[in-house]
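Here's the structure we're looking at; comments come further down.
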Amino acid sequence: MISKQLLLTYFYLLIYVCLSSGVILYNKWVLSPKYFKFPFPITLTMIHMGFSGVVAFFLIRVFKVVAPVKMTFQIYATCVIPISAFFASSLWFGNTAYLHISVAFIQMLKALMPVATFLVAVICGTDKLRCDVFLNMVLVSVGVVISSYGEIHFNVIGTAYQVTGIFAEALRLVLTQVLLQQKGLTLNPVTSLYYIAPCSFLFLFVPWYLLEKPGMEISQIQFNLSIFFSNALCALALNLSIFLVIGRTGAVTIRVAGVLKDWILIALSTIVFPESTITGLNIIGYAIALCGVVMYNYLKVKDVRASNQLPADSIPERSTKEWKLDKKSLDIYTDDGNNSNNVGNKAGSAASESIVVDEEAPLLPSSRLSYVGRSQRN
């Protein structure tokens, strides 16, 4: 007989898959010139950031549901601001891609996230160039190239926007790992929104003023409050749901659910948006890329388990201290008075060691290669 705990786990995973797929399809519908006809991705992103920042402010300062972390000006200037800049850029470019290419093809391109994060991590010195991982990255890249070759409605501009957004997200993930973790700062979902969302909003204001504001005045867009409120609410719920799922199930489980979500989303997008066409070459290429992603996940999980089993006397003093800190953040979730801290710590660690990235939930430590922060940290 299925236990209550297992049913609850399935329920949380179902919520995550539904919210993640729903937010992506909703964003595409809002931005598409054929449907809601609101082709202003920067504006939509600013609405998400503004709404999330306001909600986080009320939760922390007014209702005091969550206590704020100790944030100094130095940490904010050297950590939060650069992370927010890359975060805003990844959302801006990623949402702009919806104007040019299909949701299905975007999901296939997102398989490049492990490649981008791995390359950035190697360049920044936070990861080592290993033969087995490198071969997986080559496999992923080959799969994406095959999938792109089979895309009927291939668009260079849309593909360039999406790939640029992927690399901006990779930079954010590595920065999160290097800057926040070195300073020992752990942000739960609410505090992440509280500090990062307003800063990202300000970064987006300049490109919005220069690129979108004139067009909005000319076209006289009708602002539908219910549509934008529900869209921002779904994006906020997705942010919170991923941390909830990680706290209750674990990063490995949500990575598996993420792969399932991608296939479901590709199939759903062809139904919701009939103009999206999937070819056999698309599927073959994406399947090859996913094989590389799955193998990469396996290698990273294997590395984490091996590091946790090393005897203390075999690790240098400094490394031992860092390992103990990482292990502490991996403590199993327990339902007690420190739930929010446990979820935050576990999510923080998952971000450091996984690959859960959901571009629609950008405040996560995630990424298909590194769950720092999509989610979508090694």
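Glycine too: its Cβ is placed from the backbone N, Cα and C atoms.
Here's what TrEMBL has on this protein:
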type	residues	note
TRANSMEM	7-26	transmembrane segment
DOMAIN	11-297	domain 'Sugar phosphate transporter'
TRANSMEM	38-63	transmembrane segment
TRANSMEM	75-93	transmembrane segment
TRANSMEM	99-121	transmembrane segment
TRANSMEM	133-154	transmembrane segment
TRANSMEM	160-180	transmembrane segment
TRANSMEM	192-211	transmembrane segment
TRANSMEM	223-245	transmembrane segment
TRANSMEM	252-273	transmembrane segment
TRANSMEM	279-299	transmembrane segment
Q) With an 8 Å cut-off on Cβ pairs and a sequence gap of 6 or more, do the transmembrane segment (133-154) and the transmembrane segment (279-299) reach 3 or more such pairs? A) yes
For the transmembrane segment (99-121), out of 7-26, 160-180, 252-273, most C-beta pairs under 8 A are with 160-180
For the transmembrane segment (223-245), out of 7-26, 160-180, 192-211, most C-beta pairs under 8 A are with 7-26
Highest Cβ pair tally under 8 Å against the transmembrane segment (7-26), stretches 160-180, 192-211, 252-273, lands on 252-273
